[in-house]
Amino acid sequence: METHRRLHRELCYLGPHELYFKKLSTKKKQVMEKNGNNRKLRVCVATCNRADYSKLAPIMFGIKTEPSFFELDVVVLGSHLIDDYGNTYRMIEQDDFDINTRLHTIVRGEDEAAMVESVGLALVKLPDVLNRLKPDIMIVHGDRFDALALATSAALMNIRILHIEGGEVSGTIDDSIRHAITKLAHYHVCCTRSAEQHLIAMCEDHDRILLAGCPSYDKLLSAKNKDYMSIIRMWLGDDVKCKDYIVALQHPVTTDIKHSIKMFELTLDALISFNKRTLVLFPNIDAGSKEMVRVMRKKGIEHHPNFRAVKHVPFDQFIQLVAHAGCMIGNSSCGVREVGAFGTPVINLGTRQIGRETGENVLHVRDADTQDKILQALHLQFGKQYPCSKIYGDGNAVPRILKFLKSIDLQEPLQKQFCFPPVKENISQDIDHILETLSALAVDLGGTNLRVAIVSMKGEIVKKYTQFNPKTYEERISLILQMCVEAAAEAVKLNCRILGVGISTGGRVNPQEGVVLHSTKLIQEWNSVDLRTPLSDTLHLPVWVDNDGNCAAMAERKFGQGKGQENFVTLITGTGIGGGIIHQHELIHGSSFCAAELGHLVVSLDGPDCSCGSHGCIEAYASGMALQREAKKLHDEDLLLVEGMSVPKDEPVGALHLIQAAKLGNVKAQSILRTAGTALGLGVVNILHTMNPSLVILSGVLASHYIHIVKDVIRQQALSSVQDVDVVVSDLVDPALLGAASMVLDYTTRRIH
């Protein structure tokens with residue numbers, strides 16, 4: 001029955017998280033089986049000061065009660081080990097915890113530089129400790145600079161981090177530290193719904209966030225010490241009555257030390273005037289604490305009859321003191337968090353807790369020029385009793401946290417996955433970005449012409465430059481550089497922002513290094529050529545290089561009929577025959593960058609000679625060079641020209657003349673084109689039987705003349721299972737240039753290859 005009531009309390013607190021906890025229980029069983037039932041979770045709890053120990057101690061006690069599941073290591077550092085701050089490590093020993101390691105990490109000075117040096121000292125010392133302990137998970141609390149050192153060390157050493165009290169907002173540098181720890185941590189235990197929503201907004205994985213409540217509330221709400229008067233008298237004197245004293249706890253604000261010291265001075269003046277017995281706790285070790293202690297001594301607080309100044313009060317006793325106080329004043333998180341559990345009136349001073357969720361028991365004094373404002377707040381608050389607040393917990397945080405720890409799967413990848421929300425298209429408000437078009441410089445290195453173009457993100461060719469391709473290496477490199485420099489300068493005038501350079505070239509290319517390994521006979525002196533380095537050095541832009549067939553396939557994937565297709569093949573019918581293969585949305589290069597040499601598929605053992613040295617390749621039948629060869633033969637035999645045709649004496653006979661003759665009824669020309677188309681069709685059938693793509697795109701100047709013959713060959717020769725493949729003619733005007741541009745535009749806009 002009691003178990004049922006406890007479960008009911010949990011679900012009432014968590015509300016919509018009921019299913020989450022059911023899932024957590026199931027996951028816990030699965031994880032235990034996966035990790036091995038005898039495998040204990042080695043947990044390292046690192047505590048830096050009296051405040052974080054009050055939150056960590058309940059978890060540590062919980063871990064200690066389940067030795068069959070957990071192995072606990074305790075690391076103590078920070079102000080715990082300093083006499084001026086009460087040597088608070090002793091309370092850890094009094095709680096019967098074995099301290100595995102003590103690390104002296106505080107550099108004295110109590111200023112900004114000392115805080116930084118303390119973080120550095122902790123970072124130097126922690127690796128040895130973590131290497132020795134080898135914890136499965138480290139529990140880190142809160143927002144202190146010491147905790148940042150702990151989280152940084154653990155994260156860099158691949159140790160899982162559970163962060164307590166992430167997602168909260170206070171109002172000082174602590175916010176930045178807390179959120180930095182959140183980004184380093186793998187798992188999160190938060191105290192309020194707002195904190196949970198903040199963590200989700202910070203792109204943390206919802207499945208790794210536990211809304212548990214504050215662990216210290218497990219002690220607060222069960223604290224029923226009937227002999228609280230003996231504790232009050234011990235700390236404040238025998239003549240003090242319940243609800244007739246004040247607890248003051250004020251810390252420096254490191255982002256505005258001078259102002260926080262001034263506020264502390266005004267607070268002490270107001271407390272002296274208010275004339276009630278007051279327990280004043282020394283400030284923490286943050287920058288500015290020395291100056292605050294000097295203010296206390298200057299005003300004689302340690303010897304004033306109404307004041308008791310102490311360095312530390314054990315948490316169990318501190319609970320009783322604030323629970324029965326007439327008022328608590330200061331800027332400690334304890335005032336706006338834990339004290340609400342008792343309904344004790346609180347005066348929160350300054351900006352240190354400005355962003356905290358608070359109950360109605362908290363009165364804020366954001367700023368004060370004189371003691372009068374603080375004194376008025378004391379008169380308003382002192383002696384009141386407010387409803388108890390459970391904003392920060394219901395007293396059942398520790399069971400939830402232990403259940404959460406047991407659910408952690410050590411086999412899961414250590415690397416965090418951030419849950420980024422969908423990003424809308426960015427509309428830049430920068431005038432340069434508004435006016436400029438993001439573009440690429442595209443270079444097409446053909447057998448005859450060298451072309452450079454400015455290509456926009458939408459695939460529009462803004463401007464194109466064409467020159468005859470020089471025959472020698474030196475002239476060719478020089479012309480490429482010259483044309484690219486001129487195009488880049490022109491791009492500025494055209495309001496185009498060039499993101500990089502893409503180069504399409506014939507032959508075999510290593511795209512990883514930007515090197516043409518060896519080229520076709522059409523492009524002479526073009527072997528082992530590094531194109532990336534000279535262009536990148538000259539233009540100060542990233543450069544990509546690939547084979548022209550591959551570029552045509554990439555152009556179709558980004559701008560053409562291959563957009564959205566998972567598997568397709570592109571065949572280029574131009575001077576030569578090339579192609580590119582897209583498989584599962586990715587371009588196939590092959591183990592030696594020789595994939596998709598589709599023009600050299602052999603379709604006849606006794607066919608015509610090919611430029612590659614073989615016989616019967618598709619290119620030997622269907623390329624522009626092959627058709628030119630056949631046209632010249634017919635012309636030499638006076639069998640090419642028909643009525644309505646003429647070829648000027650100074651014009652070489654080419655493929656276009658053969659096509660024109662066929663259209664005008666030349667039977668021999670028609671037969672040659674049919675043979676070429678059949679050879680291409682047989683090559684496509686081989687591709688269908690090998691790659692089984694869903695689409696074949698014919699590209700280039702000859703594509704429209706071959707499309708119908710290719711489809712006929714597929715119907716006659718292909719297996720029935722692939723006969724329904726779509727075969728289309730590309731609608732892109734310049735696939736080589738667009739493909740070269742797509743390499744730039746895809747990468748620089750963060751497309752993942």
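Every residue gets a Cβ built from N, Cα and C, even glycine.
Note that TrEMBL annotation is computational and uncurated.
According to TrEMBL, the protein has these features:
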- D548: active site (ACT_SITE)
- R508, T520, D548, E597, H600, E619: N-acyl-D-mannosamine binding site (BINDING)
- H600, C610, C612, C617: Zn(2+) binding site (BINDING)
- 69-406: domain 'UDP-N-acetylglucosamine 2-epimerase' (DOMAIN)
What's the most sparsely packed of the recorded positions D548, E597, E619, counting other C-beta atoms within 10 A? E597
Taking the Cα atoms as reference points, how far is T520 (N-acyl-D-mannosamine binding site) from C612 (Zn(2+) binding site) in Å? 8
Expressed to the nearest Å, what is the distance separating E597 (N-acyl-D-mannosamine binding site) and C617 (Zn(2+) binding site) at their Cα atoms? 11
In sequence order, which residues at least six apart in the same chain have a CB under 8 Å from the CB of H600 (N-acyl-D-mannosamine binding site)? C610, C612, S614, C617, I618, E619
The record lists R508, T520, D548, E597, H600, E619 as binding N-acyl-D-mannosamine. What's the largest Cα to Cα distance among them, in Å, rounded to a whole number? 16
Counting only residues 6+ away in sequence within the same chain, which have a CB under 8 Å from the CB of R508 (N-acyl-D-mannosamine binding site)? V516, L517, H518, S519, N547, S592, F593, C594
For the N-acyl-D-mannosamine site built from R508, T520, D548, E597, H600, E619, further residues of that chain with CB within 8 A of the site's CB center: G506, G507, N547, G549, G576, I577, G578, G599, C612
Given the binding-site residues C610, C612, C617, which one is most crowded in terms of C-beta atoms within 10 angstroms? C617
Within 8 Å of the centroid of the Cβ atoms of H600, C610, C612, C617, which other residues of that chain place their own Cβ, given that this set defines the recorded Zn(2+) site? G599, V602, S611, G613, S614, I618, E619, A620
